[in-house]
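Some notes on the structure that comes next.
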Amino acid sequence: MKLQILLLALVLIAVEANAVKQGINATIPALIVFGDSIMDTGNNNNLPTLLKCNFPPYGKDYPGGDATGRFSDGRVPSDLIAEKLGLAKTLPAYMNSYLKPEDLLKGVTFASRGTGYDPLTAKIMSVISVWDQLIYFKEYISKIKRHFGEEKAKDILEHSFFLVVSSSNDLAHTYLAQAHRYDRTSYANFLADSAVHFVRELHKLGARKIGVFSAVPVGCVPLQRTVFGGFFTRGCNEPLNNMAKQFNARLSPALDSLDKELDGVILYINVYDTLFDMIQHPKKYGFDVADKGCCGKGLLTISYLCNSLNPFTCSNSSSYIFWDSYHPSERAYQVIVDNLLDKYLSKVY
């Protein structure tokens, strides 16, 4: 009898160790994501917008080499985080018409390339605003209740990890259309306040474990370097980076206050410093190129300009921080996720 108990204990220990190794966390039923292209896994595919990438060479390093609508050579952070949580290797786009009810259980992404906290951003780009993403989230919860019951919906709301990722399109594009109303500082503050309002609304809908990404050093993406960084030097667009820093300076303490005010956990996730350090010191992270993308010549190549007719696309995208002139490669995303996820998840679960 003692031997049987000992063997059972060893089996349980082995199972638990394997679960940890595989990234399985039974306390996290799903990953729910809102935001822009960083987390979009194909929601724009059927929209009347030019901001699409469901064609080669996008997806060349994705399983099967499929161009699924992810703005990368492979997977994006929503996929990588879902895998790290032990949920799935890829996170489905909510707008995917082939989704079955059971596909909703591990989570979805509502993210749409080109959107932002400023409602004008999505309107200009003809994409899904973050506010409309909340409407789709309500629909998602209704589907969960209908197919799997109230208790399952309650479990997803209370224990899932919710991620909100936006601001780059607002800062880099929409500000130019709003400059008659705001200076750079006041616009960054407006965006941060809008982000806090979004989190409040998400919390009202039942979400209790929410992480919000900081703005990134969008002034250092290859396209910004090419257009604003000087013809020969191609340095970062520092005024744009300063706007991102102002957004972060406003957002971080506001989310800390919200975390104290509301039940659950609300986290500010500092992505800016990690990505900026990668761009400034690429060799430190195993990259060769940080100032241009792999696709095409990597200077202004994005969306339809990054296509299979372009003969200049690199053969080894993992040596580049950026895949196209705006979006990181899968390997760069993996470095960011590995550097940040465990640190912040430990504050939630």
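Using N, Cα and C of the backbone, Cβ positions are placed for all residues, glycine too.
Positions annotated as active site, nucleophile by Swiss-Prot: S37. Counting Cβ atoms from all protein chains shown, S37 (active site, nucleophile) has 28 others lying within 10 Å of its own Cβ. In the three-state DSSP scheme, S37 (active site, nucleophile) falls into the coil class.
The annotation active site is assigned in Swiss-Prot to D324 (among others) on the grounds of similarity to another entry. DSSP assigns D324 (active site) to coil in the three-state reduction, placing it in neither a helix nor a strand.
Within 10 Å of the C-beta of H327 (active site) there are 29 other C-beta atoms, taking all protein chains into account. For H327 (among others), the entry in Swiss-Prot reads active site, with the evidence type similarity to another entry.
Positions annotated as N-linked glycosylation site by Swiss-Prot, on the basis of sequence analysis: N25 (among others).
The Cβ of N316 (N-linked glycosylation site) has 12 other Cβ atoms within 10 Å, all protein chains considered. According to Swiss-Prot, the N-linked glycosylation site annotation covers N316 (among others).
What Swiss-Prot lists as signal peptide is 1-19.
H327 (active site) sits 8 Å from S37 (active site, nucleophile), counting Cα to Cα.
A separation of roughly 12 Å, to the nearest angstrom, links the Cα atoms of S37 (active site, nucleophile) and D324 (active site).
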